[in-house]
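Asks: Here it is, the structure in full.
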Amino acid sequence: MSSLNPLPHLGPHLPPFLLSTLFFYGIQYTSHKISPRLVAKYGEFDKCTRTGWATHVVSMVHAILVIPLAFQCLSSPSLKSDPVFGYDHFVGHVFAFSSGYFLWDTLDSLMNSTIGFVVHGAACLAVFMFSFRPFLAGFGAPFLLWELSTPLLNIHWFMDKSGLSARYPTFFLANALIFMLVFFLARIVYGGANSLLFFRTMWDERDRIPLHLHVIYCSGNLALNALNWLWFSKMLGKMYARIQGDEKVKSPKAGKGEKEPLLRDDAKDGENPAQSKEEEEEEEEGSLTLPANPPSPIVEKGDRDVL
């Protein structure tokens, strides 16, 4: 492998990588154009929420397209035989597609979100780009399957923002609970099992992998799994608080941009609108909204962003 070209397998995948980036910018632009015609409450959204809406649309499109492709990648014979240094042309195209998404995500986060999301997007981009070395391509598809919970999260977010959570409370609650189940199975169970396999493989190949790559990839894997457990624990905590009748569940104030997680609170009956707005801004990213008295939420409250 030439030292002048650290990514020797990137060449054939460079066109789909660049086209993917342009594709997701196109989805974002299209969302800004057609969403006002499709969503009745869109005119009431502030600039931050409109930005978040388009971000979720892009996230939804990526997840819907990449999930079936990731399942196909799991059957690659070359990556099954050598998940660390193996290479597969079809899998390379899939990773180029997702790399385009993560490049878009990194650039979009620079403009509209916090440094945490910039680092997250850049780290994901670097990991998938390094598969063109090739390195650890066999673990890329299982990592992409963490996206299995993303469509449900986006549905939750869209319903909350558009007011459909109040019109269809039973569906809203069912989607929230299914999301938690899929999140647990995809990220905690499946993701955890693949992480154990990852660490065992890294140990078995320790003589062929430089120490700095061991440190970077193993620490990154631990950090991502820790985040998954943190988010899931917060979801369980908010759900438990709802069941116990504690309606005043708050989270740390969200940062710039609308990229936030999942269990959020609805506004309460008789609550002052200004107070509701202040509490909305304090909602944590990625919090799952559960009706205060399932299955009928009280008052629909503005929302927050995701993931």
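Along the chain as shown, the residues are counted starting at 1.
From the backbone N, Cα and C atoms, a Cβ is placed for every residue, glycine too.
Automated prediction, rather than curation, is the source of TrEMBL annotations.
So TrEMBL has the following annotated:
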- 12-30: transmembrane segment (TRANSMEM)
- 48-244: domain 'TLC' (DOMAIN)
- 51-72: transmembrane segment (TRANSMEM)
- 84-103: transmembrane segment (TRANSMEM)
- 115-133: transmembrane segment (TRANSMEM)
- 139-159: transmembrane segment (TRANSMEM)
- 171-191: transmembrane segment (TRANSMEM)
- 211-232: transmembrane segment (TRANSMEM)
- 249-271: compositional bias 'Basic and acidic residues' (COMPBIAS)
- 249-307: region 'Disordered' (REGION)
Asks: Might you confirm whether the transmembrane segment (84-103) is in contact with the transmembrane segment (139-159), defined here as three or more C-beta pairs under 8 A between residues 6 or more apart in sequence?
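Replies: Answer yes: the transmembrane segment (139-159) meets the transmembrane segment (84-103) with 3 or more Cβ pairs below 8 Å.
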Asks: Relative to the transmembrane segment (51-72), which of 12-30, 84-103, 115-133 accounts for the most Cβ pairs at distances under 8 Å?
Replies: 84-103
Asks: State the non-local partners of the transmembrane segment (12-30) in its own chain: residues 6+ outside its ends, Cβ under 8 Å from one of its Cβ atoms.
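Replies: Long-range Cβ neighbours of the transmembrane segment (12-30): 54-55, 57-58, 61-62, 89, 92-93, 95-101, 103-104, 108, 132.
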Asks: Tell me, roughly as an integer, the mean pLDDT over the domain 'TLC' (48-244).
Replies: 93
